Amino acid sequence: MKSSPANRSRDIERQAGYLRPEHCTPPPPRSHSAGEMWFIRDGCGIVCGVITWLLVFYAEFVVVFVMLVPAKNVVYSLINGAVFNGLAFLALASHFRAMCTDPGAVPKGNATKEFIESLQLKPGQVVYKCPKCCSIKPDRAHHCSVCKRCIKKMDHHCPWVNNCVGENNQKYFVLFTMYIALISLHALMMVALHFVFCFEEDWTKCSSFSPPATVILLILLCFEALLFLIFTAVMFGTQVHSICNDETGIEQLKKEERRWAKRSKWMNMKVVFGHPFSLAWLSPFATPDQGKANLYQYVV
């Protein structure tokens, strides 16, 4: 069988001298516990994350104090308040988990002679060394210039969650986009109903604020909700499509050759959201059981 150019370039990395393990110093001892929270100290990402929370809090303020509290129908206010606040809480919880969960970082600086020998590689097995973080890269891992680490099954780096979207936190990112889209849609529906109600009633009776302030607050909320609804709905659909096809955003962009086993779409969903299917799929507090996967998967 004739090998492709991609395979021939991979054959070069089978040479022992290519990895140059002598150029890598052993990784420094961990000065923190294994359970320490993951957090990327990136200025742009931190600002974007704070803005995300502030926008959700603004929507919360307008929905509760401008539309629901002044409403005469107590049942309407209680039901919509419970639904909106519940979705907003799940959205922020998903954002926190996506931001503070290790996305699948490869141990930094492990491309040492001792570690390579401990892998007990068989003849013909292919390994990669990342020249930037000096680590042995698993298959389908990519280096992130912001996180400064190689990330397993890296989809992309999202500044809005100040983290990479990878193997371990993709579920939380998908839930974040879904819940933000839902609260945006819910807010738009309530704004439309509020405008209809205020046109039929005295504006001074449909809000605790003055009519000009009420209109400005509702227009800003409508603009924010519409913008985030379009953005997160598209992102949610893109993520689900990528998960079903088991192909990350980087792999699609680079049009990388598929070298991994093909599974059904339902099985791909289980890999990300957990085995078996349950309501835990919708919970940002449930860590998905992805099974016992080998940390380093090599292609022969």
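Don't overthink the numbers, they just go from 1 along the chain as shown.
Every residue gets a Cβ built from N, Cα and C, even glycine.
Lifted from TrEMBL, the feature list:
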TRANSMEM  46-68  transmembrane segment
TRANSMEM  74-93  transmembrane segment
DOMAIN    129-255  domain 'Palmitoyltransferase DHHC'
TRANSMEM  172-195  transmembrane segment
TRANSMEM  215-236  transmembrane segment
- [ ] Report the DSSP secondary-structure composition of the domain 'Palmitoyltransferase DHHC' (129-255) as helix, strand and coil residue counts.
- [x] 75 helix, 19 strand, 33 coil
Open item on the list: Using a Cβ cut-off under 8 Å, which residues of the same chain at least 6 positions beyond either end of the transmembrane segment (74-93) come close to it?
Closed with: 53, 56, 59-60, 63-64, 68, 175-176, 179-180, 182-183, 186-187, 190, 282-285
Open item on the list: Below 8 angstroms Cβ to Cβ, which residues of this chain, lying six or more residues outside the transmembrane segment (215-236), approach it?
Closed with: 55, 58-59, 62-63, 66-67, 174, 176-178, 180-181, 183-185, 187-188, 191, 194-195, 209
